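Working notes, beginning with the structure itself.
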Amino acid sequence: AFPCCALLLCHHSSRSAIQVQITPTQGEISVGESKFFLCEVVGDAKDIDWFAPSGEKILPNRPDIIVSRTDEATATLTIYHANVDSAGIYKCVARSGDKEAQATVQVKIFQKITFDSAPSPQEFNEGDDADIVCDVVSSPPPAIIWKHKGSRIQVAKDVRYKIMDNGHLLIRGIKKIDEGMYNCEARIMARGEIDFRMIKVIVNVLPTIRARLSEVNATADIASSALLACDADGFPEPSVTWTHNNVVLETGDKYTLSDDGSELLIKSVKKVDEGDYTCIAKNKAGEKSEEVSLNVFVRPRITYLNNQTASEFDEQVTLTCEASGDPTPAISWSFQNRVFTEGEQASWTRPDKYESLDRNIVVRSHARVSSLTLKNILFTYAGEYLCTATNSIGRDNKHMYLEVRYAPKILGTVTVYTWEGNAANISCEAEAHPGASVVWSRDGLQLPSANTTNVKVYNTPTISYLEITPDSQYNFGTYNCTATNAMGSESKEFVLIQADVPSSPEIELVEPFSSTAVVSFEEPDSMGGVPIIKYRVEWRLPGQDWTGKEYHADDEMTTITIVGLKPETTYEIKMSAINGKGEGESSPATTFTTQPVRKYPFPPPRCSPPWEPTAPKLVVKVQGRGNTLKVNWIKQDDGGSPIKHYLVRYKAKHVSDWKPEIRVPHNSEYVTLSGLDWNTEYEIHVVAENQQGKSEPGVISYRTASDPTTIPGPISCTIVGILIVVFFLLLVGVDVTCYFLNKCGLLMCIAVNFCGKAGPGAKSKDMEEGQAAFTKDESKEPIVEVRTEEEQTPNQVWNRNSSARWLQTEESQPAAADATSPVVNLLPSTATNSVAGSVSAAQSSPASDGGVLTAKAPPRNSPAAARSGPLNANAQPDVGPLVDLSDAPKAPPSSDPTPLVPEPLSPAPASAEGPQSQRDPVKAPSSSSSSSQNKDSQVDGPAEDAPSVLCTDPTAPAHNEYERFHHPVPHLVTSALVASL
């Protein structure tokens, strides 16, 4: 063994006035390491030389040992990548004329702990004696210690363990529980040196196998397939093979094996395929097998099922389905989401019967024949019915179509807002079979007429649009739409109302910073009948002129950030709202004072600005499907020097490596991070940089959404039961509340229909609210939002972004040129981005008790269009042009009339006094040119386009369907019947 420290020997000549010292004083080096020694001379020395252990003077050109003169009093000896030959005594000699001094240092070379062989992982079969290899070399030889699960292995306490002379660990009869990470640790006590290697030990386990089904039934002679499957387990994962009659089966024309071999698909099953099949699982530890039996039978087949035709209000219609199969199949019926079945297997001697609660649907089954009887036919009974025949080995199903002929039922928003000179579109959607013709009239005069140049009509297969450009107060009022077909007719009155400018918004709070301020506000109490397009914010120094800026209104927008303010300055601020009609009154002025610039801890880095900027404030919002994040930042104090740019970096929290840094221009206010991992928490840093340097990072963390394609695991039956009970109790509570507060619900139905009583607290007020969409056109004011004439209340909420775009198509110009024929037909595709609405059939005129105001926005291929499609398959209607009311300025109007074709909006709930009618505004698709902003709007940031989302209440369809297609009745009875259904 080498000594642990170097020997430093200094010799001074008796006649010398020079002193020499070598640093460091220790010269012990590990093989392969590098080290330097500094020779320092006290006194004047002309020459400083180093000498190798061999006595030779070390020259500067040696590759492994280099001597360099640092200055007049020092010289450095550097030993690179030391080896055994580098050991010895090195001497430093200083001379100045006849004066000389020297010092020596002894360099020792030793071997550090080195692992020659410690492979990981190391695999063993369960039950074998495992020799875990760990070969270590060093000088002197190390002591070996083994650890498992953080604890030292005590060989004396467990006879299964033994540390071999070569340092290996022997485990007798290794088990699966012995699997894991083992720590092979080497120590040299003399130097206090320690090193270790983690070795993963894998224990292979003999496979186990079981058949998913011990017997499988299959059908014969109908080109069907049979799937045999077995699940194998073991470690490593075993390979699976199949044999039949001692022949190994492989993928081909007859058989198909899954990737892991666990499933065997037998194609075109024949009777000769019947028998036992053997599933064999094999891995490194051995093999196991299991048998599966294949039984071949005959699958069901539906032999009779025909389409039917009926008329609305017919007494009944019966659908019949026959099927064959062995065993005898059970037959069931389904329509949309409802399933009708006889409940148990029928026989010729005892036919079973299923009857619905309302006694309008009856199912009878008699052996291989089943009938579905529908009583008191309604138009909603029309559609595809599915007959399914099932037995123990398979099923067959076929569809039939029930056609129901019915009189027209008119939908559409009854109230539309606009103003003089601004075109409005009233939509009358007529659902009927066969298709209906639609006629518009006013005061008994059919529209358009020779005297009404500002009124035009455009027709599609299911919707008729009345375009009105008011030129006086006379044009406001009621308009009648009448739809007629062979089954009957129906009429509805629509109201055109004069719009107004909005009231002033209310400034709730101003949060100032040094150069910015965040304004929180409440939207106006009155929208004026149309949505808010913009907000104007104005601020000034007291007594000076106002400075203002307009900001596009965003859905649920409650804050606006203004920039460019001076620190420690008092400002006045006010706001106003702008809709399609114009700008409303401004709010009362509010005073605020900006904050001083950032203060540094004493003493400051510099006595006066400029300084580094303050870290920006961050806000994260999820976009797309949930793995895209939009990171917004709010600029803080810039330190007295303009921001040059922002630096963005991010990483998943569970990893150490950052994604490449993103540099964003100084005028940007956000960055979008896309393609992120699902269900992962990310840490995001944003740094502002000016001429003086970088700010501290603004830091925020956010977790992305779970993968929407992930299939949720099984839910506990207990939890499901509890949820069902809770849901039932909630339904009972809601029904009781509706009975006492809103005179509706199941209890109300019972009280009205059986007891003849009205609910407690019954109110006469039956007005419902709704709205339609509009969009802003800076050259021609936008189409308005719909609202009733009923007084506004503080609880009314309107959707600023309920807008629709009128699109002008060049293809429609020829049709527009014909001024003598303003009534044209439009294909369904031309009805996109148009404004319309729906209303309860009970409100047939504005004079009725309640004005049901809703909005509707069907897609291009709406269900209504689809239903009437077959009847109009050969029709080639003219396509009318659409008017563009987007935000972009329009070209001067041409001489040709350019009609407007609106897009219907989705129906909202039509409950007379329910909270939904007042609290859930209808949202319509925004125009393609409109920009969607964040809730916290930034003044100078780039706008990001995003389409608005159409939202409706999930309970609306059932309520709307009932009210649409029944004759008007008092609202109390209507609510009760709807609740009972």
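Using the three backbone atoms N, Cα and C, a Cβ is placed for every residue, glycine included.
Among the features that TrEMBL reports, domain 'Ig-like' is placed at 18-106 (among others).
Look at TrEMBL and you will find 111-195 (among others) tagged as domain 'Ig-like'.
The domain 'Ig-like' annotation in TrEMBL covers 207-295 (among others).
Positions annotated as domain 'Ig-like' by TrEMBL: 300-403 (among others).
Per TrEMBL, domain 'Ig-like' is recorded for 408-495 (among others). Per DSSP, the domain 'Ig-like' (408-495) is made up of 3 helix, 55 strand, 30 coil.
Positions annotated as domain 'Fibronectin type-III' by TrEMBL: 501-597 (among others).
Per TrEMBL, region 'Disordered' is recorded for 579-599 (among others). Residue counts for the region 'Disordered' (579-599) under DSSP, helix first, then strand, then coil, are 0 helix, 6 strand, 15 coil.
Residues or ranges marked as domain 'Fibronectin type-III' in TrEMBL: 612-708 (among others). Over the domain 'Fibronectin type-III' (612-708), the average per-residue pLDDT in this prediction is 89.
Taken from TrEMBL, the feature transmembrane segment applies to 719-741.
If you look up TrEMBL, you'll see 765-800 (among others) marked as region 'Disordered'.
Feature annotation from TrEMBL assigns compositional bias 'Basic and acidic residues' to 775-790.
The region 'Disordered' feature in TrEMBL is assigned to 838-968 (among others).
Residues or ranges marked as compositional bias 'Pro residues' in TrEMBL: 890-907.
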| field | Surrounding residues of the region 'Disordered' (579-599) on its own chain - C-beta under 8 Å, 6+ positions past either end | value | 419, 422, 499-507, 510, 512-515, 517, 521, 524, 527-533, 536, 538, 542, 565-573, 609, 611, 614, 636-637, 639-640, 774, 776-777, 781-784
